[in-house]
Amino acid sequence: MSMPTIKHVRAFTVRGAGADYHDQGDGHWIDDHIATPMSKYPDYRQSRQSFGINVLGTLVVEIEASDGSIGFAVTTGGELGCWIVEKHLARFIEGAKITDIEKIWDQMFNSTLYYGRKGIVINTISGVDLALWDLLAKVRGEPVHALLGGPVRDELSFYATGARPDLAKQMGFIGGKLPLHHGPAEREEGLRKNLELLGEMRNRVGDDFWLMYDCWMSLDVEYATRLAKAAHEEFGLKWIEEALPPDDYWGYAELRRNVPRGMLVTTGEHEATRWGFRMLLEMECCDILQPDVGWCGGITELIKISALADARGKLVVPHGSSVYSYHFVITRHNSPFAEFLMMAPKADEVVPMFNPQLLDEPVPVNGRMRASALDAPGFGVRLNPEVKLHRPFPR
Ligand SMILES: C[C@H](O)[C@H](O)CC(=O)C(=O)O
Ligand SMILES: [Mg+2]
C-alpha cells in the first residue's frame, strides 16, 4: 500500500474552555482561590485568570493527506501556537509521508531548539504530533492505541481531580485529588485551612478512598514537607503533587527524602521531553511521573518518557488530556490508572474534559472506561462544528 503524503497543515485557535481547560466562566471550582506561584501577590491570589492562566486559548492542528483524510488534535497554544505551525513547522510536515512521524518530530524539535525546548513551542509540537498520530491511525482504520501495541487491560480506572472528592467517590472513581487553596504566603492559618479541608473530605469519604493534594507549583520545600507530614499522618494523604516549581529538581529530591514512608511525591505536568523527565528520574524527584501528552512532546515523546520510567520501576500517570492520554495509558503496564479532570463548575457531574470542542469524547462511567470505548479510528473524536475556529495566519 502506498502511503498518502501530507498536503496541508492548518492551525486554528478557539477561546473558551476546550483544550485550554482553565479558560472557564465565573464560579468554577478551578479558579476559586487555588494556591499558585503567584499567590504571594495578594492581587493575584483569588483567581488564576487574574494573572492570565487563560491567555493562550486552544490550538487546533489539522493535517490533511493527499487522499483527503484529515487528522487533528487540540492542545493549549492559541495564536502563538498557530504562528509556530504556519510560519515555521509547516515546512517539515507538508510533502512528508504520513508515516514520517519520528522524522517530523525530530525536525520540529531541532529546528526550534534556539527558541523552543519547552513551554509553548513543545505544546505546539505536541499538537502537531498528536494530529499526525490521529491521521495515520485514521488512514489505517485503527484506533491510536492499536498503533501503540494494543491494550494491556480491558478497562481504564480513573481518579478524579476537583473540588468534591466525596462526590467523586459516589460516582465510582478510585480517588479524588483536591486543589490546594492556600500557599506559604497565607502562613499558619492557610496551612490549618488546607488540613481542615482535607480532614473534612476524609470524614466524608472514609478510610480507603485515595485523597491527594495538587499544589500547582505553589510551595517551598519547608512548607511542602510540613503539609505532607501532617496530611499523611492525620488524614492519609496518598500523594502530594507538583509541590514545587518545575525547575527545582533539587527541591523535589529533598522533598521526596522528607515525606513520610508510604507517601508519594508526584510531578511532571509542566515538564517536557525525555531529557526533562530523565532529570526527574535520575535525581529521584518523584514516585509518579505525570506528563501531559499535549505539552510534553506528544505521543512520540511520551513513548520515550514512559520507557525511561519503566526501566526504573516508576509509574507514568499522565496529566488530564482526555483521549490523548487514554489511548496511551491503556497500552502501558506502568500506567495502571488515569486522571479525569472534573470540568463541571461544581465538580458534581462528569462532563467531557474538552467540552465543548470535541464530539464523541468518551467519559468514565462508574469511574471506569472499557477499552472498547476507544475503538473508533484515530483518537476517535471529532471537532464540534458549532465551535467556530479562527485561523490567524492562513497561507
Ligand atoms: C487543579 C489544578 O490546580 C490544575 O488546574 C489541574 C492539575 O494540575 C491536574 O489536574 O493535575
Ligand atoms: Mg496537577
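Along the chain as shown, the residues are counted starting at 1.
Glycine is treated like the rest: Cβ placed from N, Cα and C.
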Starting from the Mg(2+) binding annotation in TrEMBL that includes Glu241, Glu269, which of Asp207, Asp208, Asp214, Asp220 is the extra site residue? Asp214
Which of these, Arg10, Arg45, Arg48, does TrEMBL say binds substrate at the same site as His22, Glu339? Arg48
C-alpha of Asp214 (Mg(2+) binding site) to C-alpha of Asp292 (site 'Increases basicity of active site His'): distance in Å? 15
Hey, for the Mg(2+) site built from Asp214, Glu241, Glu269, who else sits with CB inside 8 A of the CB center? Thr161, Lys177, Cys215, Trp216, Glu242, Thr266, Thr267, Gln290, His319
Treating G and I as helix alongside H, and B as strand alongside E, what does DSSP give for the domain 'Mandelate racemase/muconate lactonizing enzyme C-terminal' (160-262) in helix, strand and coil? 53 helix, 15 strand, 35 coil
From the recorded positions His22, Arg48, His319, pick the residue whose C-alpha lies nearest to the C-alpha of Glu241 (Mg(2+) binding site). His319
Protein Cβ atoms within 10 Å of Asp292 (site 'Increases basicity of active site His'), excluding its own: 24
Alpha-carbon spacing, Glu269 (Mg(2+) binding site) to Asp292 (site 'Increases basicity of active site His'), which is rounded to whole Å: 5
